[in-house]
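Participant: Supplied in C-alpha cells, the structure appears directly below.
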Amino acid sequence: MERDYQYIFEKKESVTFSAADYVVFAATLLVSASIGLYYAIKDRKSTDEKDFLLAGRSMQTLPVSLSLLSSFISAITLLGTPAEVYTNNTMYWWISIGFILSAAGTAHIFVPVFYQLEITSVFQYIELRFGHMCRVLGSIIYLTWMILYMAVVLYGPSLALNAVTGLSLWGSVVAVGLVCIFYTTLGGMKAVVWTDSFQMLVMFAGMLALLISGSLKLGGLDVAWNIANKNQRILFFEFDPDPSVRHTTWNVVIGGGFFWMAIYGINQAQVQRAISVPSIKHARTAIWLNFPGMLIILSLVCSVGVVMYAYYSTCDPVSLKIISKTDQLIPLFTMDLLGHLNGLPGLVLSCVFSGSLSTISSGLNAVAAVLLEDFVKPYCCKKISGYAATLFSKATVVGCGLICLAMAYFVSELGAILQLAYVLFGILGGPLLGLFTFGMLCPWGNKWGGNIGLITALAFVAWIGLGTSINSVVITPKSPLTTAGCNMTAINALKALATTAAPTTAAVLASTTPATAAPPKDYFLLYRMSYIWYTALAVITVLFVGTIVSLITGGHKKMRELDPRVICPFFDVFMPFLPESFRCKARCGVRHGDEEFIATFIKHQEEKLRHNGVHNEALDVSDINLSEKKVQNGHTITNGDYSTKL
C-alpha cells in the first residue's frame, strides 16, 4: 500500500518545538512543583521524619497505587517499549502477564513482613535476618543501583527529544532534575505520591493521543496491525525453550515476573509507598490495582509501537541516519504526526518527562530513607531528633539529585535504554531480590549463607552482563527494515545530508535491510543467555549458594530460634487448604502463631533499644538474647537463645 503522507525529513521545512509546546512543557513541571510547595506549607509544623519519608502511614489506596505504577512506567518504558516493538516484535507485551507473579510475591510475601516490622528502610530487615555487615553491603548495592538508574531515566528522554525537537539537551536535563529535587525536598512522600498520580494521568493521555492520531493517519488501528503483521512485528506465541532467544513467552513471563518483583517487592522506592497506607489490606489492594493499570499502559505503548512501525514501514528513519537511536523514534513520530499543531507535541512529549519525574522523585525519597536509617542512625546519630532527621533527609534529596545530574553524562554512550535498564536491574537488583527471598522463605538461612550468597550472585551476574556487553554478543536477529519507500530525491536535497554523500546514500538506503542472520553460536554459553533472565538467575544463585553455605555452617539447627516475623509461612499464605500437619512441618520449626514467644521476643527487643537510646523498634536487634523466663497469664515459659542473627 502506497502511503499518502510525507515524513518531516522529506520536507524542506524543519519542525521543532514551538512557543506553545514550551508553555505546555513548562506547565507540566510547574504543576509538579506546585504540589510539592503545597505540602511543604501544609506540613510545615511537622517535625517527624516518618511524615516526610512515609507520609505518616496515612495515604489513600488509589493515589498510592497510581504512584507505584507511575514510578516504574518511566520514560524508559514510554520510549523503549514502542521502539522494542518497532525493531523486533510484540513479544514484550507478555511482561504485563509476568506482573501477576510479581504482585503475588509482593503483596503476600514481602510487603506484609515489612509492614508488620514497622520499618522505614527495607535493609533494616536484612540486619534482623543476616546481620549488620549484610545490611551495609545491601544498602551500598541499592544506592549504586538507584543512582545509576535515575541517571539513565534523566538523560535518556532528554537526549531523545533533543535530537528530534531541538529541545535543549542539558536544559531539559537540568530543568527536570531541579524540579524533581524541589518538590521532593519540600513535600516529601505526600508530594511524591500526588505528583506521581498527576504524572500517571499525563503519561496515559500522551500515549493515547499518539495512538489515536497515528491510527487516524493510517486509516485505522486494524490497517496498522495488518501492516505490522505482514512484516513480522506481530508475534505473541514463541515457546522456544532456548534461553538465548531474546524474548519468548517463557522468559518474558517468568523472567519478567522476577524483574517486576525486584521493582515492587524489595525496592525501597516502591516498598516505602506501599507501607505508607493505614493497613496491610490497603497495601495489598494498592499493589493488585497495579495489574490492570500495568496491563492497560503496556498494551497502549505496545499498540503505539505497532502504529509507529506501520507508519515508517517503508522508510526506516534509523537506517537513513535521520535519527541515531531507536529511543528517538517516539519524539520523531510525535513531531511527524503533530508537529504542525502548536501545543500538542508539547503535551504528548510532556508525558515522557512525566515518566522521568515520577521515577526520579520516588528514587530520591528512597535514597534519603536508606542513608538516614542504614548509615546515619546506626553509626553517628542514634538519638537524632525527628526535626534533624527530616532536615537531613531533605539535604540528602538535594545532594543525591545533584549527583544524578552529574551521572547523567556517564550514561550517554550506554546503548538502548530499555535493555540497559533491565541489565542494571538484573546485575544489581537481582542479587538483592535473591537475598530478601532467601531470608523470608528459607528459615535455614543464616548470616553466612546470606552474605556469601549475595556476593556470589552479584559477581556471577555482573560477570555475565559485562562479558556479554564487552563481546557484543547478539544472538536473536532483528526483524527486517526497509527504506525502499523513501522519497530519496527529497531526502537528499535536505541540508541534513551532505551533498557529497547523497548519491551513495540513495543507492545504499533505497532498499530493504533484511533481518540480520544470527552469528554462529560460539560464544560462551552464559553470554548467550537473554538479558531478561538476569534477575531470575541472580535469585537462583543466592538461594542455591546461600542454602549450601547455611547448611554447612549449621543454620538448620537454629530455626526454632528465629523471630517468626522475619519469615513468611509460604504454604500457610498460598495453600491454606493443605492439611495442618503438612503445613506445620513446612514451617521448619519457626514458631508462627506462638504469641507468647513473639511477645517475649518483642519485650527484650524494646528493652535493648531503650538501653541503646534507639527509638526505632526495627533497628539493631540482631543479637537480642531471650534466655530469660517470661510470666504471662500465670504460666512460666522458659526460652533458649532466640537470636535472629544465627
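Each Cβ is built from the backbone N, Cα and C atoms, and glycine gets one as well.
Predicted, not measured: the structure shown is a model, and the values here were computed from it.
Annotations per TrEMBL:
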| type | residues | note |
| --- | --- | --- |
| TRANSMEM | 22-41 | transmembrane segment |
| TRANSMEM | 62-80 | transmembrane segment |
| TRANSMEM | 92-115 | transmembrane segment |
| TRANSMEM | 136-155 | transmembrane segment |
| TRANSMEM | 167-186 | transmembrane segment |
| TRANSMEM | 198-216 | transmembrane segment |
| TRANSMEM | 248-266 | transmembrane segment |
| TRANSMEM | 287-312 | transmembrane segment |
| TRANSMEM | 384-411 | transmembrane segment |
| TRANSMEM | 417-442 | transmembrane segment |
| TRANSMEM | 454-475 | transmembrane segment |
| TRANSMEM | 531-552 | transmembrane segment |
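Burial and contacts for the listed features, if you can.
Facilitator: For the transmembrane segment (22-41), same-chain residues at least 6 beyond its ends with a Cβ under 8 Å from one of its own Cβ atoms are 167, 175-176, 179-180, 182-188, 190-191, 194-195, 198-199, 202, 343, 346-347, 349-350, 353-354, 357.
Within its own chain, the transmembrane segment (62-80) has Cβ neighbours under 8 Å at 152-153, 156-157, 160, 192-194, 196-197, 199-201, 203, 206-207, 263-264, 269-270, 273-274, 276-277, 282, 285-287, 289-290, 293-294, 297-298, 301, 327, 329-330, 351-356, 358-359, 362-363, 416-419, 421, counting only residues six or more beyond its boundaries.
Residues 81, 84-85, 122, 125, 236, 247, 249, 252-261, 263-266, 270-271, 274-275, 280, 283-284, 287-288, 290-291, 294-295, 298-299, 302, 436, 440-441, 565-566, 568, 570, 573-574 of the same chain, all 6+ positions outside the transmembrane segment (92-115), place their C-beta atoms under 8 angstroms from a C-beta of that stretch.
The list of residues near the transmembrane segment (167-186) in space but at least 6 beyond its ends in sequence, with Cβ under 8 angstroms from a Cβ of it, reads 17, 25, 29, 32-33, 35-37, 39-40, 154-155, 157-159, 161, 192, 195, 353, 356-357, 360-361, 364-365, 394, 397-398, 401-402, 404-405, 408.
Same-chain residues lying 6 or more positions outside the transmembrane segment (248-266) and placing a CB less than 8 Å from one of its CB atoms are 68, 72, 91-92, 94-95, 97-103, 105-106, 109-111, 122, 236-242, 274, 287, 290, 422, 425-426, 429-430, 432-433, 436, 530, 532-536, 539.
Outside the transmembrane segment (287-312), and at least 6 residues removed from its termini, the chain residues within Cβ reach (under 8 Å) are 7, 61-62, 65-66, 68-69, 73, 77-78, 81-86, 90, 92-93, 95-96, 99-100, 103, 106-107, 111, 200, 203-204, 207-208, 210-211, 214-215, 217-218, 221, 223-225, 227-228, 231, 233-234, 264, 274, 329-330, 333, 336-337.
Away from its own ends, the transmembrane segment (454-475) comes close to residues 134, 137-138, 141, 244-246, 423, 426-428, 430-432, 434-435, 516, 518-519, 521, 523-524, 526-529, 531, 534, 537-539, 541-542, 545-546 of its chain (Cβ-Cβ under 8 Å, at least six residues beyond either end).
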